């Protein structure tokens, strides 16, 4: 069945233009005797429509399709072997994608951090005079750090470097003359001459050498407050041969200071205008030789070099400058910030915490993505939960596997039709290499016939079934000159009634849309002060698109024939809707603080009472304890609503730390208690450190009601039985006593009421009655009883 409402039924001149209309459009290059098919617009249609019309595939039908081919797909490793080149932490490793304009392909990238992965740790220290006590502490750092890191990796190498600032005024002391060799001359002590950066010890497994070299170091002194640490960071990152970074290892660059740092353009204070080139400039003495010639590096250059060399930067800085370096870390992917004590006493724990944080996060980055290609990410972190628009996962443990769904969409056709870009986790050596072929050309273009006799005896090139006329020639076969005019050709310059533009069409419609002249059946478009006008009927331009805040396509896209072609990070009719979701992330790493939706790069709060840029303010919402209680339940105890709904990973980005008891961390820390389902009292503390990291300190042992004492229970039961028995006996005895007393009283009462008569008996009784016993005679004496008989 022929589809008359085809998306492809637009006015195009060539096969190449047809492919760019829509991924479903096809082109027929077959030679037809039908004059109407001589026009390009008749040859561009849906594939099924062209087949119904009689286009004979496969040679005549141009219909390239987008394809995805996996070129290398090694499985993920579980543990790093001795040769870390064999450890695979990303899958697949190589892809090839063929894309038509405006078409897309989706693929999945899996990432896993393997166990026992080697670590290269380079300690970069500020040796200005204020760090003197820190240097003393560092002399005992080596063995302790190696011991603690040994719990994570069995393959650790350590190196050391130092920096102060550019040895140039106004950064250094130049007066008196003695201060050039001893900057501490003014404070009556001795220190090293000022230097920019020096590499002291290459990465080595010998911890003893690290300790020995650190013991040899002496502080220096500079004049202004900021230091030149960024110079040192660049040199430590790019001088691979000197430093000794291994390809198959995690790279940690520890940057310690108690001061601010100079950035790009600060060198102008000393007359330095040459930008930093980001290359290695260590001389034979391992000193930075371009310190007084090149400016300080920019944050963009540091970001680039950290990414190129797979380095995770750790800012270990004192509390007064933590906010500044926290701002830097937000601009440099893979960077963490830790608060250093005044004497660096906590540096080992700081490094361990920073490394644990780095290993708990997988953040994907891209390198070399062409402008004509847009990428969008969806993250599938723990519990299989899909988080749209996110390319990072946090709260991970070593060995956890996460995946990212990536959609690649072609937004145009570059000059070089084959491009390659890289997707990789920040700080990883492993990467996915993607080669993209932009399918913008038709195969029939390779068979074009210049000066073809088909095109009015050589007045054009016969390509893909149509004539591409030479300048000054017009018509389907280049049979007309620009000066020719024929009223019979005017209908070719009007919009067909079946299609129409803006609702008008057919007879009476404006010739060439009112923006051109009809010459030999073809429109010659007028020029415009507003922009370019083109199209078969001059129906297209690059200035009649929707505007937003006075800007065409909001300034985030290009106008193409009345429609905005948005840049990769934007969408909508006027390209005013951002695709980014990182702008909706709260300081806790939650999308709109878990209280709203991210729409066009801004949070729309859905929970009543919530407001703020990331819905982080909510006076009527549950307090911190109520919210974090659910995170403790799901992340630590693996239960609760969030655990059952598989939303724990997305909502709870906090780090759980088990403690024996709650300690004071900060005045803003919140101590919380609640009763769980077992009626036990759980205690935890909600705390955000200076870097914005959210930590939940959970007490290991909850306070549960004590169980009954068996002996006490038995004794209690026995006692109760005995008491009840005695009570029963007493009650029985009491009742019996009462009863007896009543009976006795009744008896006495009856006896008292009884009356006895007197009987008189005359004469002595004949029956002897024994009386008393006579001891002298031994005989009983009879009683003499007087009976009164009446």
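Heads up, residue numbers simply count up from 1 along the chain you see.
Backbone N, Cα and C define each Cβ position, glycine as well.
The disulfide bond annotation in TrEMBL covers 15-25, 28-44, 381-393, 464-512, 469-478, 525-538, 540-545, 559-564, 566-575, 600-648, 605-615, 631-704 (among others). For 14-442, the entry in TrEMBL reads domain 'Integrin beta subunit VWA'. Per TrEMBL, the feature domain 'Integrin beta subunit tail' maps to 625-709. Residues or ranges marked as domain 'Integrin beta subunit cytoplasmic' by TrEMBL: 733-764. According to TrEMBL, the feature transmembrane segment maps to 710-732.
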Discussion item. For the domain 'Integrin beta subunit VWA' (14-442), what's the mean pLDDT in this predicted model?
Written reply: 90
Item to complete: For the domain 'Integrin beta subunit tail' (625-709), give the DSSP counts of helix residues, strand residues and coil residues.
Response: 19 helix, 26 strand, 40 coil
Worksheet entry | Same-chain residues at least 6 beyond the ends of the transmembrane segment (710-732) whose Cβ lies under 8 Å from its Cβ atoms | none
Worksheet, complete the sentence: CA pair residue 575 (disulfide bond) / residue 564 (disulfide bond), Å rounded to integer, equals 7
Discussion item. Taking every protein chain in this structure into account, which of the disulfide-bonded residues 381, 545, 605, 615, 648 has the most other Cβ atoms within 10 Å of its Cβ?
Written reply: 615
Worksheet, complete the sentence: What remains of the disulfide-bonded residues 15, 381, 512, 648 once a 10 Å Cα-Cα cut-off to residue 525 (disulfide bond) is applied is 512
Worksheet item: If you measure from the C-alpha of residue 566 (disulfide bond), which of the disulfide-bonded residues 545, 600, 605, 648, 704 fall inside 10 Å?
Response: none
Discussion item. I need the nearest neighbour of residue 25 (disulfide bond) among the disulfide-bonded residues 464, 469, 512, using C-alpha distances.
Written reply: 464
Fill in: Under 8 Å by Cβ from residue 631 (disulfide bond), same chain, sequence gap 6 or more
642, 648, 651, 652, 654, 696
Discussion item. Quick check: of the disulfide-bonded residues listed here (44, 464, 704), which one has the Cα closest to that of residue 538 (disulfide bond)?
Written reply: 44
Worksheet item: Where does residue 15 (disulfide bond) sit in DSSP terms: helix, strand, or coil?
Response: helix
Response to the item:
For the disulfide-bonded residues 393, 525, 540, the largest set of other C-beta atoms within 10 Å encircles the C-beta of 393
Worksheet item: Just how many other Cβ atoms lie inside 10 Å of the Cβ on residue 600 (disulfide bond)?
Response: 15
Worksheet item: Between residue 464 (disulfide bond) and residue 15 (disulfide bond), what C-alpha distance do you get in Å?
Response: 7
Worksheet, complete the sentence: Long-range Cβ list for residue 704 (disulfide bond), cut-off under 8 Å, min separation 6+ in sequence, same chain only, gives 678, 679, 680, 681
Worksheet entry | Three-state secondary structure, which DSSP defines for residue 512 (disulfide bond) | helix
Worksheet entry | Chain-internal residues near residue 478 (disulfide bond), provided their CB is under 8 angstroms and they sit 6+ positions away | 455, 456, 459, 460, 467, 469, 470
Practice prompt. For each of the disulfide-bonded residues (15, 559), count the other CB atoms lying within 10 A of its CB, then report the residue with the highest count.
Written response: 15
